[in-house]
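*Asks:* So TrEMBL has the following annotated:
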- 1-22: region 'Disordered' (REGION)
- 9-22: compositional bias 'Polar residues' (COMPBIAS)
- 258-291: repeat 'TPR' (REPEAT)
- 803-836: repeat 'TPR' (REPEAT)
- 846-879: repeat 'TPR' (REPEAT)
- 953-999: region 'Disordered' (REGION)
- 965-999: compositional bias 'Basic and acidic residues' (COMPBIAS)
- 1014-1205: region 'Disordered' (REGION)
- 1014-1041: compositional bias 'Basic and acidic residues' (COMPBIAS)
- 1042-1055: compositional bias 'Basic residues' (COMPBIAS)
- 1059-1069: compositional bias 'Acidic residues' (COMPBIAS)
- 1104-1114: compositional bias 'Basic and acidic residues' (COMPBIAS)
- 1119-1129: compositional bias 'Acidic residues' (COMPBIAS)
- 1171-1184: compositional bias 'Acidic residues' (COMPBIAS)
- 1196-1205: compositional bias 'Acidic residues' (COMPBIAS)
């Protein structure tokens, strides 16, 4: 582009302001009038015929006159071209057709000229003809592009029969092939080529025709060059086309119609250089302000710039206005039938919903264009127009045509394919829509297609959830997540500059919830919240709030309450009750403000749901009074709100478990016996208060749930009732005797019955954690299948946050003697909300610590077991079995203490064990006297007697032995302690010294680095100072050299034998010779005056070879070779001496031959000039010993240096 837009061919590509430009403007040679000589009796006279705007509409009379007067062929041609100039191409064709008839017997040259003109008129008419037959017209009336292509082909064939080598026919035939190629359909099959073999062959024929035209014109036919460039462009060889267009512009910078700058810009556009393309089009518009093509292309460029910006950006509006007002509208005013302008303007009007004009412009673009892509745009705009008007059938048809115009199937037009998929969605053909969207994504990862396809799969999942369908939708769930997650990843790409879509995030939140990823759901909702907060205008911000947290809380009240409610629910599920409560309270305030802003909004349902959620949060936080107030408030507004009544009954049951609570639950059940939620609460109450029995039919809870499953309408698959039935069977089976084989078989069948209920629940809900946990319990208790049970429970704990899961995990780990994991599971259960003093968990922890202590013979573990057992007893002191547990652990500690060696126990521990033994003996005695002891009375009394008689004496002996051991080893223990402390102190000192050594090494390294940096800085400053002084000396040398030149010039004139006339002659010859920069000597200064001579590059390196005698150089300063040559100037030959121009003459004129000037060898590549060569060049300049300029086309060094500079 440097050549195309540089100044090599004139000012900005235009050779001055010469009015006679080449090539001439189109129709510029058509005169305003012509004279036709008419023969009369009185003598011939001339008739003036107007060819300007007053030209006759009907050419019959004019043609008759020309025929009668036997006018020349040129006159006929001029009249035809005049009609074409005034856009009356049909009349021009009629005139030339009559001309052909008149000259049917004329010379072959005349007929060829006429046929060539007629062919071009047919080609011109083809541009204006419609692609398809208009509605309401017959085949004879409708002359399409194919008709004129066939007519042009017929004319060319006729001309070829006369003379196939007639040069003007080559260009016409090439253009005809181009038109044929443009009308051919694009390839339908995916592949690397975007051109069908038939179209490629046609383009090759066109290229051959243009090559023939160039050959016949000796490469001077500009239109053939343009045609060849167009062929390369059509073949997608954009780089080759660009070179050809630039070559045309170099040879004819005034060419504006057609303008090669348009082609240059199009090539740049296809190569991805959009800004360079716009620069080319702007230059075209500067040269021709009425260029409709340049205007519309610049409009498209500005619309392209808007594609990178969101609509909210102010630049988006400015660029859109600029595109329309400055480019598209003016282009449309110049030619309202130009297809590209019509398509571009139609696209803009489509956004403005001006559908009537859109239809007109789209049909015009479709009918008049010979480019498939523009026709595709027209069909697409028509489809969008029908889409907006809900004309489904027409929209589908137009979308299909738009797609096929660009190839269809595996290629085609992505927006049209997407529109067709949208229409399938509107027609509720979801499978067809999915198929088309997946085909689009195989072709190109279009963001809109991913969003729509992901949404369709998400709707399948949501519909199945709403219908409680048993159909497996896991595949649809995965696909929906994949496509929508890909969309969110695309948002994060800064190059794409995309804005997040709230609908995508909300769908993702629902999908993550269905896929058991509530944290991801919450994250999506938080992103939506951030988008909503950013969208709040500043005028709605509350005043006088500077704290960021308070400001956010205030702004949240302006958000949709549904969003806040959903976020609160997710926080509640993760037991973050404080955040949940704040969000629910904010949501209630948001409901109030929403109703204030828009009274038509019904917020009652929202307020009811959010208030209920707030009450549940209060319950979970233990704020029962606040929860009751919320539920009672709900009942005041909605007396039939049964969920609030259920929660109030439950709160009463928790606060008053013996009197008011049961009464409230029973009353609620009696009032609503068919409400499934009430029945569930009542069943739960029965399970906690019923009398245990081993007879299944006598169980009160099972009768209640059986009635629910059999009698209540529509509840035969109630999962809570089924799960409870399984739990009842589990409980009964666990308590059954298993002494005989018959009893074991009966117990096994009870477990199988429980599993049947749990399996039924899993069939209804494969993700039921309670049913899965029930199966795991049955596996452990019935089949001792601990491995399978652990796998199930490990998955259940990720879903079910209830303490019971961890309790069962603890039991299972305990059974397989993994006591550490069992303790971890029990601790997790104990840490759950409201379970810190759960007596059952505390008792289990006491038991597992006891088992671990016995296994590891660990006294600390035994102490932990005693601690947890005592805590359980403190919680329920009336429970006699907890008292037994404490006493049993104390007995076990006493036994362990007695068996431990003296080195692993202390006197204090033995004493404490003896005290615990006494307490255990007392406890066993009391437990044995209780009415319902946990074990047989005789066994308990026997254990107490063993403690009194045997163990007490053993501990007394152990205490005495331990005391003696510690007295004897006191000094050794003290010495060992001191040695241990000394060893620790020594290791600490070594560690400290090592750290100090490392710190010292780091300090030295930093000091060395700092010293090196300072030294480098000083060195660089010294170098800069030397460089500055050297430059000053060189500048002084330059000044002295210029002064010597002036003095030397006068001296040489005096020494010269030439007289004044000779000198004047030489001067005049020098002035007369043109100054050419490309043909110079190696120094590039031959024939150039001192003022015009470019400054030589200065070499700052020392010469490698020793200077010859007679030269003087300073020992400190390197003087340029120009100055050396100046010093030897007195011995130089005069400029006109033959010896001065001899290549072998000495540079300094001293005859020593050390340094000679050699003529540069001719070569095409860049020259490499050594130090000595450049010094010799300098000698040529000052010593006037110039080498003859080379005329072989080599690039002079001066040109290269100018480019570098």
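Yeah, the Cβs are placed from backbone N, Cα and C, and that goes for glycine too.
If you look at the structure here, what lies around each of the features I listed?
*Replies:* Note on the repeat 'TPR' (803-836): DSSP counts are 26 helix, 0 strand, 8 coil.
Each residue in the repeat 'TPR' (846-879) has a pLDDT score, and their mean in this model is 92.
As a summary of secondary structure, the compositional bias 'Basic and acidic residues' (965-999) carries 34 helix, 0 strand, 1 coil according to DSSP.
The helix, strand and coil residue counts that DSSP assigns across the compositional bias 'Basic and acidic residues' (1014-1041) are 28 helix, 0 strand, 0 coil.
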*Asks:* What does the DSSP secondary structure composition of the repeat 'TPR' (846-879) look like, as residue counts for helix, strand and coil?
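*Replies:* Result for the repeat 'TPR' (846-879), in helix, strand, coil order: 28 helix, 0 strand, 6 coil.
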